Amino acid sequence: MQMWFSQYHTVNVKLDVRIQEQLFSGQSDYQKIDVFKSYEFGKMVALDGEIVFSDTDEFIYDEMVTHVPMAVHPNAKRILIIGGGDGGVAKELIKYPSVEHIDVVETDKMFVDVCRRFFPEVACGLEDERISMFYDDGLRFLRRKHDEYDLIINDSTDPLGHTEGLFTKEFYGSCYKALKDDGIMVYQHGSPFYDEDELECRKMHRKVYKSFPISRVYQAHIPTCPSGYWLFGFASKKYHPLYDLDAKRWDELGLKTWYYTTHLHRGAFMLPKYVEDLLEEEETK
């Protein structure tokens, strides 16, 4: 008997993944957590029935939210990760010897424990001595911060349920206040391909565009994400993601990556026409 995991992307489209076995299933105070071993994607974790990452593609997301801003900011020392309980973003950040301190704010302790158990090669990022872990609501944590971080990475899940507050105008305003004068914020921007997802992308871009003087969007191909096409947001008080990219400095670090390069960095901001159009429409409202 074959076992399949199904995730609906719309009422008319779903992704089916053939499963070898279910490794874990549990209900935390915030969400249902499942871990599967699949034939195609290796181990993968799902929250409330939606794939968060898998063995085969987590490196794409984690590298793109980390190395894009780090190749632009000349000296990011203090960093905040909101979400990030799997440890993947922290794993990439601790590659930088210049990083002095990283705060990780995660709501769900069970999710962290599950990732440490089943994805130790990812969660190892949380074990570095520069990491401080907080189990708290991201927005509540941010309200207490002012002029503190060089970089904020919003690594939360979709804008629903207990993470909904991390996609509001207040949240982006709080990020702005928590950043230093030349700070950068990076966040997942979702997929613009399906109509319902496009609406969320539009709303998100409109809020960030009004909150930061520099707001750009970039892209990556992530197979387990809805439509396989994923956007990220880059918002900054000072630095432009292309004009201020210091490719020579980043390349000389010699960091090992599987997806990100400084050549790809430039190309990631070259968006399809339909995506450019929908973003520009929101900028004129």
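Numbers here mean position along the shown chain, with the first residue as 1.
Any Cβ shown, glycine's included, is placed from N, Cα and C.
The annotation active site, proton acceptor is assigned in Swiss-Prot to D155 on the grounds of sequence analysis. Residues annotated as S-methyl-5'-thioadenosine binding site in Swiss-Prot: Q31, E106, D137, G138. Per Swiss-Prot, the feature spermidine binding site maps to D86, D155, S156, T157, D158. For 2-237, the entry in Swiss-Prot reads domain 'PABS', with the evidence type sequence analysis.
In the three-state DSSP scheme, G138 (S-methyl-5'-thioadenosine binding site) falls into the helix class. Around D155 (active site, proton acceptor), the C-beta neighbours below 8 angstroms that are at least 6 residues distant in the chain are V65, I81, I82, G83, G84, G88, V89, Q188. The two recorded residues, Q31 (S-methyl-5'-thioadenosine binding site) and D86 (spermidine binding site), have Cα atoms 15 Å apart. Each of the binding-site residues D86, E106, D137 was scored by how many other Cβ atoms lie within 10 Å of its Cβ, and the smallest score goes to D137. Taking each Cβ in turn and tallying the other Cβ atoms within 10 Å, the top scorer among the binding-site residues Q31, S156 is S156.
Overall, the recorded S-methyl-5'-thioadenosine-binding residues Q31, E106, D137, G138 cover a maximum inter-Cα distance of 16 Å. Closest to D86 (spermidine binding site) in space, going by CA atoms and restricting to the binding-site residues E106, D137, G138, is E106. Close to S156 (spermidine binding site), meaning Cα to Cα within 10 A, are the following binding-site residues out of E106, D137, G138: E106, G138.
Secondary structure at Q31 (S-methyl-5'-thioadenosine binding site), taken from DSSP and collapsed to helix, strand or coil, is coil.
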